Each structure stands twice: as structure tokens, then as C-alpha cells.
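These come from TrEMBL:
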| type | residues | note |
| --- | --- | --- |
| ACT_SITE | 266 | active site, nucleophile |
| BINDING | 30, 35, 86, 121, 158, 269, 334 | NAD(+) binding site |
| BINDING | 155, 156, 157, 158, 210, 255, 256, 257, 258, 259, 263, 327 | substrate binding site |
| DOMAIN | 320-422 | domain 'UDP-glucose/GDP-mannose dehydrogenase C-terminal' |
Ligand code: UDX
């Protein structure tokens, strides 16, 4: 089987690489020539554990190829995945211009029956627009080739994307023909040998499933953040509350960790896009609006705690910031709480010394030049008044506190992810502030 994946971003690259891993012939396409040349040299545009290895191996054995030429690559392919970006437009709705451009190109260059699958997260109704765009391109060249569209949302977590792709909890596929269903069934069969389900459904339901999944997860987090803030006020400990509710299987113990708000390329964007879809259909998604509001405010909660500790004046103070990526095991800083926190500190006249295990390159072009980027975590604490834990990378869990203590001017910790034990920190001589924990 031969397939084409258009878009070598996060989703496209992981999809292409993992499909080639099970023996499928894959060509990954991108309009960005430099990106393609880099991939051919083994230079990846993103950091994702395990990805480099899979790309290198399958590129060497010829199953995985990279090209800028869709017209040439599409010949003999059975499936085309559209995995290009859907950036949020100014009003929060997903911008479909790149997706539809690809659909148009596919219609212009296809030579035989194809299943065209939307893999990017796209609003309900997009597959229908893709279908229309292909039909339009075929009409323009007076061709009457058969094709099907399908929707196959991804549920990859950054940092665990390879594992998620190779051993998915479930695969969701929206189809409207038996032919497309059978092609995609064959394609995904190697990934469900563990007995996990492939759910075939109608296309709008598949499109909605992705948004509903992300919106539900974002809701769990914002709900817990709200509870944590109230815990702070009434003197309860959200860690205990979390355990207490999480052991009820109906609630579950995952995704109920409070912190400094969710970030990344999915939750903030998808929650906003779903609210917009509601509005476009005269329906107000009231819960999701609150989820989004709570999250925006949550990114500032640690700033309020810092300001309270310093009576509103942090001018001239130095803060060590540990973790810049929106979560561990990724270099992605999109919508990361670190951006909001660092910006507020700089605005208030403070100095920032920051470190992240993998996103220092990202940091260089995303952060203000005033931020001092250090070569390791310990160095970031040199001369600092306080340490702010922003991303819970494993290497921050058991650091050398003695060294840190002697490095720091004053001994205060703001723990944005509740990874330290407040009592232990106090015993070591640090003032400690968590989220939703008495301090
Ligand atoms: C998410 C979905 O999990 C994935 O299925 C979808 O395909 C894309 O969006 P991702 O954005 O990679 O994946 O990250 P995820 O691990 O889900 O974390 C999202 C955010 O939630 C992070 O900012 C994380 O710090 C935050 N989070 C997560 C919490 O604040 N508390 C939690 O309990 C869990």
C-alpha cells in the first residue's frame, strides 16, 4: 500500500513515520523546501521522543520519503492524508485555507481512485468542503475520477505521540462509503492487533469526536483549577481532594491535576474553535466559555501569588524559571503558561533566568531578549530571589537543594505544578507556595 501525507508538522510527520513503521510506503509532502531537505538529512522540525529513530530507519530502507512534489507523489497512492495546519483565525474559528488548498491540489493532480482523509483537527463540515474542493478541481480539468473523503482525527499527546499512534486507545474514522471503509480498515489493522477498537461512524460524528474529547479534557482541568483556587481560599488541600474524588471510577484519577492552566497547540485552540462552531450555529456553549475563561485566568494565578508575597513590588527581584515548554517531554511553547508568567514578571521590572531541558531553541525566539537563558537548572538559580516551577520535567523533581539554597539570594519556591511537598520544602528552609495547597 502506498499513501501520501501532506504536511510535515507534528501530526503529519508522526502519522507518516508510524505508518511506514508497519511496512506501508509513505511519502510525506510539504511546501516548505528547507523542511523537506532537512528531513532528508535526518533533521526533524520538532522534538518528539522516539520519532527521530523511526524516521531515520524508515527513510534509510526507502519506505519513508520526503518531497515537495504532490503531483508526482500522488501517482499510485491509495490514500492521501491532509495534515496541514488549521491556525485559529482572529475570531477563534479554525482557518481552513491550507486544508482546502491541499484538497484543490489533490483534485488537480490525482490520477486514480483515492481516499482523501482529513487528519488535522477541523470543524464539523470540513470533509464536505474538502469533497467540494476536489470536485471543483476535477471539473476544471474535465476529469471524472472517483474518490472518497474521510475524517480520521488524531488523539496524539505531544511527548507520547509515537506510543499513542502505534498503540492507540481507539481509532475514530468517519466514512461515507464501503470502499473507503475497507481501505482504511486495511491501513489501520496493524495498529489494533492489541484488540483496541476502530470506530467507523459518519463523518460529522468523527469530526465532532475530536473536539468533544479535547473539550472534555480541558473542562476537567479547568474544573480542578477552579476547585484548587477555592481550596486556597478556604484552607483545604487540593492534593487530598484530588485523591478523594479521583478514586471514584466515574470521575477517574487522570487529568484532574490542577496547575497553572493548560497550554499547547490543541486545547486552547480547539476549545475556542468549538465555541465558535456553536456560535455559528446559534448555540452558546456556556460551559466551554467558562473553561476558556478559567484557563486564561489560571495562567496568572502564580503571578498573583508572587505579587502577594512581595507586597506588589518585584522590581529588581530575580526569578529562576524552571520549565518553558507547555508540558514535559516536548519543546513546544505554544500557549505555554511560561510565556504569560515571564511576560508579567518582566513588565513588573523583575529579572528572569530561565531553563528548560529541550526548548531552549524555541525560547530564544519566543522570549524577550532580557530573559537570561541558562545552561542548566542549577545555574538558573544563581543569585535568584525565588524559584518558579513552571513545567514538571522529571529532572526537576529531586534536584540538589543544598546547591540551590547556596545559589539563591532568598529562599522562596512557587510551585506551579504541585510537584514538591510543601512541608519538606519548609523543613529545608524554603518558603513554599503551591496551587490549592495551604502554605
Ligand atoms: C492533547 C490531547 O491529550 C490529545 O489527545 C490531542 O490529540 C491533542 O491535545 P497535548 O496538547 O499534547 O494533547 O497535551 P496533554 O498531555 O493532553 O496536556 C495538555 C495540557 O493540559 C498541558 O498544558 C498540561 O500541562 C495540562 N494538564 C494536563 C493539566 O494542567 N492537568 C492535568 O491533569 C493534565
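Start at 1 and count along the chain as shown; that gives each residue its number.
Glycine is no exception: its Cβ is also placed from the backbone N, Cα and C atoms.
The structure, with features from TrEMBL marked on it.
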residue: 30; record: NAD(+) binding site; DSSP class: coil
residue: 86; record: NAD(+) binding site; DSSP class: coil
residue: 155; record: substrate binding site; DSSP class: coil
residue: 210; record: substrate binding site; DSSP class: helix
residue: 258; record: substrate binding site; DSSP class: coil
residue: 266; record: active site, nucleophile; DSSP class: coil
residue: 334; record: NAD(+) binding site; DSSP class: coil
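Neighbours of residue 334 (NAD(+) binding site) among the binding-site residues 155, 157, 258, 263, defined as a Cα within 10 Å of its Cα, are 263.
Neighbour density at the Cβ, taken as the number of other Cβ atoms within 10 Å, is lowest among the binding-site residues 258, 263 for 263.
Within the same chain, residues at least six positions away from residue 155 (substrate binding site) with a Cβ under 8 Å of its Cβ are 164, 168, 169, 170, 172, 210, 213. Take the Cα of residue 157 (substrate binding site) and measure to each of the recorded positions 35, 121, 266, 269: the nearest one is 266. The Cβ of residue 86 (NAD(+) binding site) lies under 8 Å from the Cβ of 94, 95, 96, 98, 99, 120, 121, 122, each of which sits 6+ residues away along the same chain. Listed in sequence order, the binding-site residues near residue 263 (substrate binding site) (C-alpha within 10 Å of its C-alpha) are 269, out of 30, 35, 158, 269. Among the binding-site residues 30, 121, 158, 210, 258, the ones whose Cβ sits under 6 Å from an atom of ligand 1 are, in sequence order, 158. Confidence across the domain 'UDP-glucose/GDP-mannose dehydrogenase C-terminal' (320-422), taken as the mean pLDDT and rounded to a whole number, stands at 97. Between the CA atoms of residue 158 (NAD(+) binding site) and residue 256 (substrate binding site) there is a gap of 18 Å, rounded to the nearest whole number. Across the residues annotated as binding NAD(+) (30, 35, 86, 121, 158, 269, 334), the two Cα atoms farthest apart lie 24 Å from each other. Helix, strand and coil counts under DSSP for the domain 'UDP-glucose/GDP-mannose dehydrogenase C-terminal' (320-422) come to 33 helix, 18 strand, 52 coil.
The most densely surrounded of the recorded positions 256, 266, judged by C-beta neighbours within 10 angstroms, is 266. Figure note: comparing Cβ neighbours within 10 Å for the binding-site residues 210, 269, the maximum is reached by 210. The least crowded of the binding-site residues 35, 157, 334, judged by other CB atoms within 10 A of its own CB, is 157.
In the three-state DSSP reading, residue 35 (NAD(+) binding site) counts as helix.
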